Structure formats: structure tokens, C-alpha cells
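According to TrEMBL, the protein has these features:
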type	residues	note
DOMAIN	71-262	domain 'ABC transmembrane type-1'
TRANSMEM	9-31	transmembrane segment
TRANSMEM	75-95	transmembrane segment
TRANSMEM	107-127	transmembrane segment
TRANSMEM	139-162	transmembrane segment
TRANSMEM	183-208	transmembrane segment
TRANSMEM	241-262	transmembrane segment
Amino acid sequence: MKKNKISTILIYVVLSLWALSTIYPFVWVVVNAFKPSNAIISDAFSLPISNFTFDNFKNAIYGEYNILRAYVNSLIISSSVVILVSLFAGLASFALARYDFRFKNMVYGLVIICMMFPIFSIIFPLYDLLIKFNLGGKHLGVILPQTAGNVGFAVIILTGFIKQLPLEVEESAYIDGANLPQVLIYLILPMAKSAFATTAIFVFLWSYNDLFLQMLVLKRKSVMPISAILREISSKYGTDFGLMAASVALISVPILIVYFILQKHIIKGLTAGAIKG
């Protein structure tokens with residue numbers, strides 16, 4: 001009994017330390033977002049009592065970098081990637097989970113193998129294709145490669161989840177006269193919403209934070225998303241720490257809100273996909 005109590009206490013201590021180390025950087029960013037840059041440099045760990053200011057947020061929203069415009073660009077890119085990945089991966093996963101066809105295992109194996117190659121390994125042919133199709137400097141030049149790069153992950157998660165769904169429900173729907181699109185929309189999609197939510201969150205975050213491809217394709221500030229704009233703020237000419245802190249605080253809040261709303265679906269989808277996949 002005493003050993004169990006000690007183990008429980010140790011677990012809570014470790015988890016508390018981990019939570020503190022995770023939360024502290026965000027708290028530090030929020031606190032310093034309300035301080036002038038010179039105050040951050042001289043004392044980054046004090047509360048903004050005498051030097052409290054909203055100037056950093058004003059500069060972030062209305063200044064040269066226009067964080068709100070960058071945020072809209074990020075939403076356009078990331079939302080488009082999520083929709084395309086969900087569509088293509090959903091159809092592919094249903095086929096892999098429900099149909100038997102020649103080379104099925106090989107196709108699934110190729111999906112896994114493709115995930116092993118980072119985008120850096122194909123960057124030269126990829127950039128050449130983007131230039132040939134006149135996609136340089138356009139959102140579509142980021143959306144298409146990101147979609148291709150995320151389909152494999154989504155297929156693995158969704159295939160594992162769809163395999164566990166009861167086949168009898170689909171068979172009953174077919175007997176009642178439902179066609180394939182109706183089965184997909186009215187049966188598979190509602191039953192697999194946890195897996196789709198999990199996939200959507202991870203794909204959205206990956207696309208949202210993908211600095212390399214954004215910097216490669218998008219050169220004008222008017223089309224840059226959040227990650228690229230933050231890179232511009234922290235340039236070779238120095239970093240405006242107040243502006244950086246305010247910008248990071250602004251772009252982090254929506255992500256946290258979405259995660260807290262969908263966290264149950266995320267955990268459920270990941271668990272089911274891992275067990276059944």
C-alpha cells in the first residue's frame with residue numbers, strides 16, 4: 001500500500017514538472033508581450049507593472065508585418081490542406097479497409113515508405129515542378145506539396161479506424177438501397193469523426209508550422225503565412241522581442257482553443273488508429 005502511494009506521488013511530481021516546463025514558455029511569452037522590447041532585454045522575467053503597454057499588439061496587427069493578414073493566409077493554406085487530405089485519405093483508407101484487390105498490401109507499404117522521405121530529399125525536383133506550373137509565390141504552390149506530404153499519415157490513421165467499424169451497418173445500408181456515396185457521407189463519416197478530427201488537427205498544425213516550404217515558395221509579405229512572418233520578424237538585422245512575443249501570443253491562442261475543443265476526439269482517434277492499425 002505504501003509503495004503504491006509513493007509511486008502515485010512520484011508520478012504526480014514528474015507530471016507536474018513536465019506540465020510546468022511546458023506551460024512556462026507560453027506564460028513567459030504572454031507576459032513579455034505587454035512589455036517594451038528594451039524592458040525585455042534588461043529584465044525578461046519581471047511582470048509588466050510600471051511599463052505595461054499594448055504597443056506590441058498594435059504593431060503586430062497594424063504594422064509592417066500585419067499579423068492578421070498573415071493569419072488569414074495561414075488559415076487559407078492550412079484549411080485547404082486539411083480538406084484535401086481528408087478527402088483523398090478518406091477515400092483511400094475506405095478502399096484499403098473494405099476492399100480486397102491485387103497488390104493491396106504493396107500499396108499500403110508504399111504509403112508507409114513514402115513517409116520516410118523528408119521533403120528536403122525531393123526539394124530540387126519539387127521546386128522545378130512549381131516553377132514549370134507557375135506556382136511560385138502562390139498559396140497553391142504550398143498547398144499541393146503539403147497535401148501530398150500529409151496523405152500518408154492520414155491514410156494510416158484512418159485505415160486503422162475504419163477497419164474497426166462494424167461492416168454489418170454498411171451491409172444493411174446497401175440492402176436498404178443506399179449507394180456508396182451515401183454510405184460514405186451518412187455512415188462512415190459520422191462513425192469515424194474522431195479519426196477525422198485527429199487527422200485534421202495534426203495536419204493543420206503541421207501545415208501551420210511548416211516554415212521551410214513556405215519560405216521556399218512565398219517571397220512576398222502579402223502572401224506569407226504566420227510561420228514565415230515570424231521568421232521575417234527575427235531577421236539578420238535583429239529581433240524586436242516585444243513584437244515577436246505579441247505575435248506568438250496572438251497566433252497561439254486559436255490553436256489552443258481548437259485543441260481544447262477537440263482533444264477528446266484526438267485522443268480517441270489516435271488510440272483507435274494505433275490499436276487497430
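Each residue, glycine too, has its Cβ placed from N, Cα and C.
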Recorded stretch that, among 9-31, 107-127, 183-208, 241-262, has the most CB pairs under 8 Å to the transmembrane segment (139-162): 183-208
Which of 75-95, 107-127, 183-208, 241-262 contacts the transmembrane segment (9-31) most, counting Cβ pairs under 8 Å: 241-262
